[in-house]
Amino acid sequence: MRKNNIVLVGGGSTWTPGILKAMTTHLDDFALNRVVLYDINEERQEVIGDFAKILFKEEAPEVEVVYTTDKEVAYSDVDFVFCQMRTGGFDMREKDEKIPLSLGVVGQETCGPGGFAYGLRSIRDMVEMVKDVRRLSPDAWILNYTNPAAIVALALDKIFPEEDRILNICDQPVNLLRSYSKLIDHDVNKLEPVYFGLNHFGWFTNIYDETGKDRAPELKDIILQGGFRPVDAEQRDQSWLDTYAMVEDMLTDFPDYLPNTYLQYYLYPEYKLSTSDPERTRTDEVREGREKKVFAECRRIVENGTARDSKVVHNDAHGDMMVEVAASIANNLRKTFVVMVRNDGIVSNLPEDSMVEVAASLGANGPAPYAVGHIDTFYKGLIENQYAFEKLTVEAYMEESYGKALQALTLNRTVGDAKKARKVLDALIEANAAYWPELK
Ligand code: NAD
Ligand code: G6P
Ligand code: MN
């Protein structure tokens, strides 16, 4: 088996330890030669990088581990780029959440004005990354998880239309599948989903088991009768438990399909707003929780010189999925994943150039998506509205257009009012001056 050179962009991310641990447990199906961690923040990178060296020395000493803030080192001679950067860090995420809330609009990092603001920040760094990678490793696969993935995926598709080795993925479909599998006590690897929509804006229509039986009706009944909790509920913060609980509400109102949790912001913007605290949002929870824990644990491991008793690096869906996606491509395994691809007729009555999220068989030549066909009016209406928002956001970036930015926010279901949209936009422009193009 070919041994891969990989680079993790955003090597100082809170998710990196879990991904590294997943790499050490998947060496049989994803062989490694070199792992490089790359970040623009030296301090974060050093903590996680020193942890990585200890982990690999103990679990896979044959793998070379390097950490760096030099992109020439990072992007040279690479087979797979795993990208998960956060332009502007948690300081800017906080603004994405709190500025809209202070003006009476949903505040979330990937949905509504928060996702819009984060999108305009992410695009520039992501375009730069793709150009740097292509200069130094023309054939590398770029696996992107950077949010807001819907907007990033669309922007990269518009800016690099010939690219066929960039794959944008989100772990929420697999998180949901893992939680469904627990509800019906079934091996998640034996469940085949049918899924359609945009990223953070989609539905499972069917969940087939290995006998061909669709388990979706049973799953809907279970959730409607007993509610929904994530499989890893003990490790989840309250906001995630609240989020999963909203699936029952969505199913009560719209029982056709199993919804992605992020649809709660678009279907119930007033309720989400009325139950949000503009002074304390998800960013505060992450900073006090995941970020603190991950960095404290990595520092402890570095001090002790061993990762054998590490708690922070337990495997979650995210790490496993990232490595399994790469393994499926590297070894042409053709496993099924829910990924983002250019529509091109997969959903027959949605725009050809939208970036849809659907199930695909993933092999050496990339994703071969499964056809979805025609979707019903309600879903088509919702998706077309959201897609218009995403497209206008990307165009606002590319054309540096205030007008398109205002159109985008006005269309977004979480805003829905042009005067509100203008207020939020003006406040976000001020907050993002260091990151956005100047909108004229
Ligand atoms: P984080 O801030 O802890 O980590 C991001 C890291 O990226 C930071 O260390 C930062 O210094 C670095 N960075 C910023 N700009 C960079 C650049 N231009 N080049 C290289 N590194 C850069 O954030 P996090 O919560 O760990 O999340 C990381 C990213 O992964 C976010 O975009 C998040 O939304 C995304 N994410 C996506 C999924 C998904 O399902 N698609 C799941 C989890 C996380
Ligand atoms: C889900 C989403 C991701 C998001 C992640 C973490 O997995 O699919 O896109 O980044 O949750 O969100 P959090 O609020 O915990 O940082
Ligand atoms: Mn996601």
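The backbone N, Cα and C atoms fix where each Cβ goes, glycine too.
TrEMBL: automatically predicted annotations, no manual curation.
Keep in mind it's a predicted model, so treat the numbers as computed, not measured.
Per TrEMBL, the features are as follows:
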type	residues	note
ACT_SITE	Asp171	active site, proton donor
ACT_SITE	Tyr262	active site, proton acceptor
BINDING	Arg93, Asn147, Arg282	substrate binding site
BINDING	Cys170, His200	Mn(2+) binding site
DOMAIN	195-415	domain 'Glycosyl hydrolase family 4 C-terminal'
SITE	Glu109	site 'Increases basicity of active site Tyr'
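Within the same chain, residues at least six positions away from Arg93 (substrate binding site) with a Cβ under 8 Å of its Cβ are Arg86, Glu109, Tyr118, Thr283, Val286. Note: Asn147 (substrate binding site) has non-local neighbours Arg86, Glu109, Thr110, Gly115, Tyr118, Ser122, i.e. same-chain residues 6+ apart with C-beta under 8 A of its own C-beta. Taken in sequence order, the recorded positions Arg93, Asn147, Asp171, His200, Tyr262, Arg282 that lie near ligand 1, meaning a CB under 6 Å from one of its atoms, are Asn147, Asp171. When the alpha carbons of Cys170 (Mn(2+) binding site) and Tyr262 (active site, proton acceptor) are compared, the span between them is 12 angstrom.
Nearest by CA distance to Arg282 (substrate binding site), out of the recorded positions Asp171, His200, Tyr262, is Tyr262.
Taking Arg93, His200, Tyr262 as the candidate recorded positions, the subset whose CB lies under 6 angstroms from any atom of ligand 2 is empty. Within 8 Å of the Cβ centroid of the substrate site, not counting the listed residues Arg93, Asn147, Arg282, the chain contributes Arg86, Phe90, Asp96, Glu97, Gln108, Glu109, Thr110, Gly114, Tyr118, Thr283, Val286. Filtering Arg93, Glu109, Cys170, Tyr262, Arg282 by Cβ distance to ligand 3 (under 6 A) retains the following recorded positions: Cys170.
Around the Cβ of Glu109 (site 'Increases basicity of active site Tyr'), 22 further Cβ atoms fall within 10 Å across all displayed protein chains. When the Cα atoms are compared, the residue listed as 'active site, proton donor' and His200 (Mn(2+) binding site) turn out to be 10 Å apart.
The two recorded residues, His200 (Mn(2+) binding site) and Tyr262 (active site, proton acceptor), show a Cα separation of 5 Å. Arg282 (substrate binding site): 22 other CB atoms within 10 A of its CB, across all protein chains. Long-range Cβ neighbours of Tyr262 (active site, proton acceptor) (same chain, at least 6 residues apart, Cβ-Cβ under 8 Å): Gln108, Thr110, Cys111, Gln172, His200, Phe201.
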